[in-house]
Structure formats: structure tokens, C-alpha cells
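> From Swiss-Prot, here are the annotated features:
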type	residues	note
BINDING	Pro32, Asn33, Gly34, Cys35, Gly36, Lys37, Ser38, Asn39	ATP binding site
COILED	173-231	coiled coil
COILED	269-491	coiled coil
DOMAIN	527-635	domain 'SMC hinge'
COILED	679-741	coiled coil
COILED	775-965	coiled coil
COILED	1006-1078	coiled coil
Amino acid sequence: MKLKRLVIQGFKSFKDRTTIHFDDGITGIVGPNGCGKSNIVDALFWVMGEQSAKHLRGKSMKDLIFAGSSKYNPGAYAEATLVLGNDDGKHIHIGNKVSSPSEIQLTRKLYRNGETEYRINNYPARLKDIQEVFMDTGAGAKSYSIIAQGEINRLVQAKPEERRTMIEEVAGITKFKVRKKESLKKIEQTEQNLNRLQDLQSEIEKNLKALQKQAEKAERARSLKEKIKRNDIIVHAHKVYDLLKDLRDGKTLLNEKTLELEGWGTRKNSLEISLEEERFKKEEQTEKLEILQKERNEISTQLATAEERFSNLCKTLTDKENLIETRQKEMTELEEELVEREEKIKALEDSLVELQTRNEETVNFEEVEEKIELLKERLELKTDQVDTLKEEIELKKSELNTLSQAAFQNTSKLEEYAANLQDITEEIEALEKQYSGVSTQIADERDAVHTAQELSEKLTEVESELKSEIEELISANKELDAKLKEKSKSLITKESKLSSLQEIAAAMDGVREGAVEFLETVDSDKYQLLGNLIQCEEDHAKAVQNLLSDFMDTLVSTDEDVSAVIEWCKTNNDKALEFLAPNKNGDITSEETLERLRVATGGDITPVHELLNLPEEYKSKLIPFFDGYFIASKFDQEVFKSISDSIRFKAISSTDGKLLVKNPGNGKILTMSGSSEGQGVVERNNQIQELEKEIEVLRVEVAELETNSGEKSLVLEQKRDSLEEQRNLLSEARADHAAKKSALESKLSGMESGNTRLEILKKRKQEISKSRLDMLESEDSLSKNKSSLDEELEELSTRFEEENAELADLKSTYETEREAYMEKQVEINTFKERVSGIQSQIEDINSQMDKQTARIASNKELIEKYNEEIETTNDQIDTLESSNQEMASELSERDDVLGIMKDDLTQLLLAMQEREDEVKELSKKIAKNEKDITEYELKINQWQNDEVEVVKNIFEKYQIDLREAIGGFLEYDQDDFDDLIDTRQMHFMETENGLVTIEKQSYEFHRRYGQDLKECSNKLKNYKNEYNRLGEINWQAIEDYDRQKLRFDFLRVQEVELKQSLEDLETAINHIDEKSKERFKIAFEEVDVRFRKVFPIIFGGGEAMLKVTGDINDSECGVDIIAKPPGKKMQNINLMSGGEKAMTAVSLIFSIFLVKPSPFCLLDEVDAPLDDANVGRFNELLREMSSDSQFILITHNKKTMELNDTLYGVTMQEPGVSKAVSVQLH
């Protein structure tokens, strides 16, 4: 797994995207101090997962982002990508799967807001995934393979426990330590889960027993309901049978009328079928007719097309013939021109021969040349005379020339200034034109940057809102969970309390032994304890309990037959038993008595039976029994005295616990205090009823809370997904904003440079304009001096002209003779030019003749081509003429067939009209018969409605269909059924949905169970009574018990699994410890052996060793270094010099590499403390080991630089911005 390349952008001083390639062997990174070499090491540390900003030479992670410079703004993010070759096929986590790619690309990106992204091969990843890539490879952010600047001594100055980690990395037990740490964390979580599970298990177990009893009662009630339903359905089934019997007779009459209707319907159907066949035949003939017509039209169209094609071909033939005629005419003209040009060439050749002959007749120029020489000598003599005068003129001219030169220089300068001004003006205009467009672009890009920033801010706001919503949802969920926990706890408490009260009631504590035994031996459904029948408001419960406490275990029955009680009492005469005798009309409480009691007590007194909630079936028996018992709000001593002995009552109880009892023997009134110990039967009954209501409410609330909690959890998950998506959008928006901002800054920088250039040009233009004005003033002064010299020169020139006139005459004579000589020479040259011109004309004419010859050949080819096309066209015309005749014949035949088919279709339409008339007549007869059938149907509707009403009543009571209910327990007997209903009736009733099934089932049921109708009715009554005696039923108990039991069993299984998990985790940790100890021991010994060998090589002698501090099997033991450089005693490593420490550290690193070579190694200025000799030994070892591992060196040492295969130079061409340049060394 070797390094391939490192790509960094915006990381520390590397503003722009920089790619550093790493090849096999040794790669060096060099450059001046402070240029950013070590930033490459920091980038490697960072992308490998380093989390400490201090280790990356910064105070915080934001220090890693490009901080800007005098010229550039700070960067928006820092990004580093490390590409590794995966030649050894290492498996890594990419996305949601494990794979082994050929290249591993690790990316880490940091934004200014502190957000960090990790990616593996462009898939989002975790920091853990990146760290796992380097685990146990010897490479990584904190491994021995990367030594940062100034950290070479860290290896020797580290604590023994810290050095141990290097040996562990060699031993490959880092992953075991990570797994052990994860296992210990899992153990802690598992133990917490186990404690919570056991607490929950204990809480559920408390309520399970009470739920079991409630569930058994509910099951009994459910069984009774099913029996009630079954017998009720049987009774109603008899009613269905009677109704269907009446229906059958009525439908027999209806069937006869229907048969007649069916005969007419059959005839009508037959006619309609025939009519439909004829319609089909008509459509078929019509379709054939249309197809034939279509074919006829197609032939007609084809014929028209062919005729048009024939016309076009004839026209084409004419055009081709005209083209041939034109080409032949052109060929004739070209041949004539060719003859003319040949004659012209012959004439030009004759002229050329004549010119050449004349040119040969040369003139003798010797005499002319001697005459010219004599004139030349006389001319020179006269020239000398003139020259003397001329020197004086020249002297003046020299002075004038000086002034002229100055004037010329001024003029040149002015022209130069003018040219410069024009160039500058053009450049200024060009720059202004260029940056006028750039300003618009910059404004647009500013808008784009602003838009990107607004989008980023908007996305940030959305992200913030989503975070707030998620926090609110989490808070709401916590509140819901708290409420749910509170309600669940309250529900469990109340269910437990209810169960206890029901168990107390079921145990019949305080009930006479005789009553208990009696209820156990007889049918308990017919007898009830009076205390179980009494219910009242909570305010009166205490008073009712005091008033009726002596009668709470009295037996009550709705049955007037008391023989069973008497018989039991005879058999068990030693057991006490109270039984409420059959009804006796109460005659104690009259309106007069009640009025007297109200006067005595101040009006606030009520008969007790008016305050009780009694079952309907017991009211007739219990109300007389309670006659004479009253409840008053309160009474004191005065009230007691005001009640006369003559007032008839049995007892009066106040709500505050006082009791007035009248002695039935002597009529005396006694004052008593009610019992205040414990809870009475009435209060317990009230409490049970209240608890059942509260439990029902709590169950609804718990269910709603669970639903709300589930919905909010779903919303929370959706919001979290939205937040993740929003973060991705925000990341993209921020990157887009940073890119656009960078582009804007670049353009602004370019515009700023352009503006600077523009200012310089404008300033230069002003300077040139000023210099030009100064030059114009100087030119005026020169002009005045020149005028003065011109006057003096004019006088000299007059004398010179006189002398020079003679010289001119001589020159004229000389020139005349010389011109004559030159004319002869020109004439000869003219002859030569004419010869050349004639030769050129001959060549041009030959060229034109060649072109004409080619044109003639081309025309011949075209004429041949057109002749061939004419022959082809003539063949096509002949073919078309033959084809057109055939199509015209076929068109005529199709017209004949169309006429015949139209006649046949007319005959068919007439036959169809006759059948339609007959169908109309039958329809009238059917309509009249249907009216008669409707009258019959009205007569039997009532029977059907009654049958439906019975079925409907059963459905309303039990939500089932009576037909299905009967079908569930009846068997069919086809023979008996056929005896009852004949074939015609069966056929008729099959047309009515479900009617046969109902009647068949009703008959079958009546045949088999008719004699048991009375028994079914009695059973129905008994089941209803037994169901009513069960009292309040907790229907939820069955489901609650099953759910709680299932949950309890599930928790038991979970408990076993958690305990097993704890055992497995502890076993795994022990296994990890044993394996780690074994590997560490082996690795330590191997590194120690290599260290003993490498140390003398590095130092050129001496000895060294590694030593374990403590027991080597102790997982916390450290590693110490004992070293003895050459000529020194064995000493502690901390006493060594800086260079010796560095050499010792290098020895240790190379020793580790010999045991377990890392795929790559990065050394940052490790050779800085070493002298030349030690650098040489260091380089030799480095060269030997580079065959197994990649080495990246940051160095200032020239010898080390020579060792590198590839060299990167890091520079700062601009302040604060690093750049890297690579050189391949051989």
C-alpha cells in the first residue's frame, strides 16, 4: 500500500491546487526555511486522521485553512486527498460495503465553520474508516513511519509506556487494542441494559398474577357470549324457515307468469340474434365494399402518378438533348479558338527571331568613351576651382546644418512625441474599452457571489431551523417518554391495586364460614352476597358501610325457590348462614315518617335505597329489605333528642360516622359510633369500580402516547434525513460561493492591475504633452538663428553660382555625351525585355491551349454520359406506357365489381327492416307481461322484507350474516330437501341471489332441531343470567395478560442472551489479551535483535539494547533504551547529545523497518543534527531500505539531496503562497 500522490488545496500556505506525485524509491522535498515544506507533512498527518491541532502546529483546526496574504483573501476551506496503491488487495469500508479497489483515495475537507468531511473513493466515510485503512500497517498519523520536524528526539525522550506503542504497531496488535476498547464499552452498555431489563422484569411480574385472574374471568364471559349468540341464532333461524315457506308458495304463481315471459323473450332473442347476424353481414359487406373502393382509388392514384412520371421523363429527355447540343456548340468554338492561338504563337516566334538578329548588330562605343574621358578631366579642373568657393559656403552651411540638425531633432522628437501620444491614447482607449466590459462582468459576478452567499445563508438558516425543529422534537419526545413512563407506572400501580382488591373480594375475607361453604357447594350463579351488590357514591360509602355492615355476607337470590338453602341448612346445622327471605312488602317508611325525620334532622335525610346503585334483577327484593334505613348528612345531640321514639325506622347513619339504631324490642333509640378500622365492602366495591374506570382511561392515554411517540420518532427521523440532505446542499453551496468569490477576487485583481496601468499611461501622456510644448518653443528660437545664416549663405551662393555656371556647361556637355552612350545601352536592354515579353506570351498562350484541350475532352465525356442517360430514359418511358395501360384495364374491372356488391347490400338492408318490425311487436307483448309480473312481485315483497328484517336484526346484534351462521353448523340432506321443493321451484329460486341457500338451510335445521327449540330458548335465558352474574368484565385483560406474558417471556430470553453476551465479550477480551502478549513478546525480541545490529552501523561502533520495564507479560509495561556510543560507557539515553539522540532514534526506526517494513516513511529534517560522516552512513542505510519502502525526505543537506530519485522544490514566489516544482533525477 504505497503512496501515489497527495493533492492539497487551501491547506496552510498552499492556496492553489497542488499535486505531489510519489514514485518508488526516495522522493525529496527541499526549499528555503519557511516556504511550506513541513506543511506537506502536516497535510499527510491530517488526511490520515490526526485530530490534534497542536500536533499539526496550530492552535485550532481553522489554522489549517489558507489564512490569506497581502494580495489574496483567506480561503473558504482546506482540502487534502491522499491516493494509495492497493497492490496487496487490502479490504476497506467504502460506502455501505467492503471492497478491495486497486486505488484507495482518502479525502478530508475542513470548512471555516468547523464542519469536516471525510470521503473514501468519493464516498462519504467516518474518521474511524480512514484510521482503519492504516491500522497495523506501520503507517498512519501516529506511527513510527512519519517523523515530523523536530520530533526525531521524541522517540528517545518519550516515556517507556509511549515507546511500547511503537512495538505494538510492529506486532500488529493495535487493532486488538481497539477491539478490546470497543468490547469493554459494550460490556458496560450490556450491564446497564441487563440492570434495566431486570428492573422491568420484576415490575411486570408483580402485575402478571392479577392480570391472569382477570383474563380467566374474561375468557368465561367470552365463552358465555358465544353460547348466547349461537342459541339466539338458532331461535331466529326457525323464524326464517316459517317466512321462507310462505315465500315459496307465492313464488310458484310468479314462476308460471315468468315462463310465459321467457317464451316470448326467447323468440325475441332469436330474432335479435338473426338481426345481429345480418348486421354483421352488412358490416362485413360494407367493409369489403370500402376495401374494394379503397383499392380502386389507390389504382387511380397510381395511374395519375405514373402519367405524371411519364411527363417528367419526357421533359428530362428534351433537357438532355438540349444539353448535348450546347456542349457540341461549345466544343466547335473551342476548336476554332485553338487554331487561332496556334497561328498567334507562330507570329510571336517570327518576331522573336527578328529581335534576336537586331540585338546582334552591336555598336562600337570606344570613340564615345575617349571623348567622355577628355570632358571629364576638364570638368575636374573646373571643379577644383569651384571647390575653394564651396568650402566657404560649406563652412556657413555647417553652421546652418547645426541649426538644421537641432531643428530636425526637435521635429523628430515632436513626431516621436506625437506617435507616443497616439500609442498611449490608443492603449488608454483599449484599456478603458476592455475594463468597461470587465466592470459589467465583475458586477455580474458580484451579484453571483452575493446570490451564492444568500443561498448559503438561506441554507444555513434552513439548517438552523431544522436543528431547532429536531431539538424541539427530541424535547417533545423526551416529554412524551416521561409522560408515557409516568402513565405506564400509574397504570401498573392501579392495575396492581385493582388486582389486590379483586383478590380480597374473591377471597371473601370476613364472610361467614357458612356462606362461603354454601356458595362453594351450590350453583353460585344463582346466589350473591349482598355486599357485592351494593354500590353508591364515594361521599355516602362510609355511611352505607356503617348502616349495613351486619348484612354484607347475607345471601341474596333472584329465585323464589329457597328449598336448596333449607336443605343445606339441615345438612350443615352447625354453620351460620343468613339468607334474604322472599319478597315482603315494606310498610315502615311512609311519607309521614319521612317528613317527621326531615323535620327532626333539619331536612337533610334520604332513604338508603335511593342512594344505592342496585342491579335491576335484585331491586324488587332489596328495596323492601332496605326499608327503614336512612342516611343523614350529620346530626348532633340536639338532633338525637328531637327524634321521637314514635317515629318508625331501623337505623340512621350520618356521613361523619355516627349511627342511630332503634331497638326493635322496646323501641329505644341507641347512639353508636360506626366502625373506622380498615376498608369496608362498599368502599372496596366503589374503589374497584373507580379503579377500573381510571385504568380504562389510562390505557387509552398510554396507547395515544405510544402512537404519538411513534409518530414523533418517525417525524424526527425524517427531519434528521432532511438535515443531512440540507448539510450536503450547504456544503455544495459554500464550495460554490468560495469558487465564485475566488474568481471574483482574481478578476478584481486583474482590474486593479489594469487601472494601475491606466493611471501610469495617463500620467505619461501628460508628461509627453508638456515636453512637446517645450520643444515647440525651442523650435521658434532656432528658426530665427537660421534666417540670419541664410542671408550670409545667399551672398556666397551667388558667387558660387557664377563659377559653377561654367562648370555646369562642362557638365552639360559631359552629360549629353554620356546620355547618348546610355541611350544606346537602354535600347539594347529594351530589345532584351521585348524578347522576354514575347517568350512570356508564348507560354501564356500554350497554357490557355492546354486548358481548352482539357475542356474539349470534358465536353466529350459529358456528351457520352448524356447519351447514355437518354437511352435509360427512353427505356423507362416505354415501361411506364405499358404499366399505365395495365392499370387502366384493372381500374375498369374494379368498377364492375363495385356495382354488383352495392346491389347485394341493398337487398340485405330490406331483409333487416322486416326483422326489426317483428322485434318491435314482440317488445310490446313482453312489456305487458312484465307489468303483470310486477303486480305479483308486490304481493310477496312483504314476506321478503320480513325475512330480511330477521336477518338484519341478527346482523345488528352480532355483526354476522344469519345465512353464514346457519351454514356453519348445518349439514345438507339433498334428498329431504328435494322432497320439499320440486325442480321447477328450485330452478326459479336459483335466479334469486342466495334464496335457495337460506331456504335449504332453514328446512334442514327445522327437520333436525325443531323439537329442541324450547331447550334452546331455556339455554339462552340461563346463559344470559350467568353472564349477568359475572358483573364487570375487563375485556382488555386477556390481551393485556398475553402481551405482558409475551413481554415477560421475551425479557427472560433477553436476560439469558445478555448474560451470554457478557460471557462472550469477557472471553473475547481474554483471548485478545493473550494474543497481544504473545505478539508483543515476539515483536520486542525481533526489534531488539535488529537494534543491536543497526546501532553499531549508524555510530560506527558501540552497542545498544532494548529493555522492558517490568514484566513483559504485563500489558502496561514500558520499553527503555540502553545505548553505549563508541568509546563511552553504557549510559542513560537522556545524557546523550542531540546528534547522538537523533542517531539512536534513526537506529530504532530502521530496526523497526527491518522487522516490519512500512509501505512508506516520511522523515522531516531528520538528518539536521547529523555531521557529514553520520549523514553518509544514514544515506547508505536509507538507500538499502528504499528497495522495500517508499521514503519521502525533507532536507537541507546536499548529500541527502543527491540520494533522491525525485526532487520537489517548494518556493514562495509570492509572499505567503507556496508552490511545488518537481525534478526527476537520474
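Residue 1 is the first one shown; counting continues down the chain.
Cβ atoms are placed via backbone N, Cα and C, with glycine included.
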> Between Asn33, Ser38, Asn39, which of the binding-site residues has its C-beta surrounded by the fewest other C-beta atoms within 10 Å?
Asn33
> With Cβ-Cβ distance below 8 Å and at least 6 positions apart along the chain, what are the contacts of Gly36 (ATP binding site)? List them in sequence order.
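Sequence-distant Cβ neighbours: Lys12, Ser13, Phe14, Val1210, Met1212, Ser1218.
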> Would you say which of the binding-site residues Pro32, Gly34, Cys35, Lys37 has the most Cβ atoms within 10 Å of its own Cβ?
Lys37
> Using the CB centroid of Pro32, Asn33, Gly34, Cys35, Gly36, Lys37, Ser38, Asn39 as the ATP site centre, which other residues of the same chain sit with their CB within 8 A?
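Along the chain, the qualifying residues are Ser13, Gly31, Val1210, Met1212, Ser1218.
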> Which of the three DSSP states, helix, strand or coil, fits Ser38 (ATP binding site)?
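Once the DSSP labels are grouped into three classes, Ser38 (ATP binding site) ends up as helix.
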